[in-house]
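J.: One structure is given below, represented as structure tokens, and several questions about it will come after.
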Amino acid sequence: MASVAAARAVPVGSGLRGLQRTLPLVVILGATGTGKSTLALQLGQRLGGEIVSADSMQVYEGLDIITNKVSAQEQRICRHHMISFVDPLVTNYTVVDFRNRATALIEDIFARDKIPIVVGGTNYYIESLLWKVLVNTKPQEMGTEKVIDRKVELEKEDGLVLHKRLSQVDPEMAAKLHPHDKRKVARSLQVFEETGISHSEFLHRQHTEEGGGPLGGPLKFSNPCILWLHADQAVLDERLDKRVDDMLAAGLLEELRDFHRRYNQKNVSENSQDYQHGIFQSIGFKEFHEYLITEGKCTLETSNQLLKKGIEALKQVTKRYARKQNRWVKNRFLSRPGPIVPPVYGLEVSDVSKWEESVLEPALEIVQSFIQGHKPTATPIKMPYNEAENKRSYHLCDLCDRIIIGDREWAAHIKSKSHLNQLKKRRRLDSDAVNTIESQSVSPDHNKEPKEKGSPGQNDQELKCSV
């Protein structure tokens, strides 16, 4: 149904009357701070489209500042979907839930002859809309509550126990997952329990479908128009630091205090706070944890130090997240292997003073080309796929007593400071052991005539053998 809706041919405006067009699914990628929401709003206004947010934190009610939601005024200018509809206390909302709801919305937007514009920073949410990459363990009409609850139950068990169980039913998937990655291990076990088919077998079937590839199944929509906003890293870092300052000026601390008081204070008092699930994963909340729980209980100087520490941590983690987002785009979009991979068009956003000519106008031209069925004049960005770099191999470092998943991660580990320190320590211990053996083997009075019984030279030979 999605492909049919996406390929719906509708009459164009009066300037091109008589022609036919195929409405595209517009997707805007980019790291945080590149202006994705701004471009989506502008395209939505110009093209009469509707915006579908693809942000795993913006689905929750609350924390509007820290999750950088569009304002109520902006939502009135252009209709937005998938924002602020999940209760903040819900901790088991998944990408499957997002995919099911957002796909239905996109089909509805197409059915009303409008252009859906998908925008957000959660790239695997966007992947779930573009490609067949997820596994349905239950019929959609039955809902996902029971399935999700089973995954939650599994996550309560010990990670090593879960991983051992997975290695018995799906050794191929177990070899790709770290025992500490409990959520993914639990998900793979859930797939097997609910279907009787291993997770890896499901993925193999997707990859071998017509249009599928090494990273997933075929495209779900026939005419995706993908735009990638990118900027010089130094410029983006500076912009992100300013964004944090702007958030603080907009009332970030008050928002965090209120949210902590309403939703998290009881958990902290019971030492059961969880920054791994739900909205509590949001960048910014855990960075101010110490400040929030000690505010009013310590000296002003200590409180100010914790506040400063939280602000600096927020700036650093935001910049790291931006780099992670760009790596994901390069690995999963720009260098994606497979027979049918949609083009990705890059838009340079380093100089915001040139936004109109460098970003908005080229974006409109690209989208209009898709609408009219023409190939854009802009050249898409394509990077070579490095199969070895993406290989999720299992490595065990006996020296550090660590499991490393991934060839790239393994290469980084053996060059890491911690591994090299362990290597030096091992060599030092080995050297000390050799010296000890040598000192024990050589008698203090070795220059004297041996008095032990035995044939001549026997003891000398034993000494030589032991050194």
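Keep in mind that glycine also has a Cβ here, set from the backbone N, Cα and C atoms.
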J.: Quick check on the annotations: Swiss-Prot lists region 'Core aggregation region' for one of 1-10, 221-230. Which range is it?
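T.: Spelled out, Swiss-Prot records region 'Core aggregation region' over residues 221-230, not the other listed ranges.
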J.: Choose the correct range: of 116-146, 147-177, 395-425, which one does Swiss-Prot annotate as zinc finger? Give that range.
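T.: Residues 395-425 are the ones Swiss-Prot records as zinc finger.
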J.: For the region 'Interaction with substrate tRNA' entry in Swiss-Prot, name the matching range from 183-187, 203-207, 338-342.
T.: 183-187
J.: Can you tell me how far the Cα of Lys36 (dimethylallyl diphosphate binding site) sits from the Cα of Thr122 (site 'Interaction with substrate tRNA'), in Å?
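T.: Spelling it out, the Cα of Lys36 (dimethylallyl diphosphate binding site) and the Cα of Thr122 (site 'Interaction with substrate tRNA') are 12 Å apart.
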J.: Once near-sequence residues are set aside, which residues in the chain of Thr122 (site 'Interaction with substrate tRNA'), 6 or more away, have Cβ atoms under 8 Å from its Cβ?
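T.: Long-range Cβ contacts: Ala54, Asp55, Ser56, Met57.
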J.: Apart from its near flanks, which chain residues at least 6 from the ends of the region 'Core aggregation region' (221-230) lie with a Cβ under 8 angstroms of it?
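T.: Long-range Cβ neighbours of the region 'Core aggregation region' (221-230): 2-3, 6-7, 22-31, 34-36, 39, 106, 129-130, 326, 329, 333-334, 342-349, 359, 363, 366-367, 370, 381.
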J.: Tell me whether Thr122 (site 'Interaction with substrate tRNA') sits in a helix, a strand or coil according to DSSP.
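T.: Note: Thr122 (site 'Interaction with substrate tRNA') is coil by DSSP, not helix or strand.
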J.: Just name the winner among Thr32, Thr34, Ser37, Gln206 (the recorded positions) by count of other CB atoms within 10 A of its CB.
T.: Thr34
J.: Using the structure shown, find which entry in Gly33, Gly35 (the binding-site residues) has the sparsest Cβ neighbourhood within 10 Å.
T.: Gly35
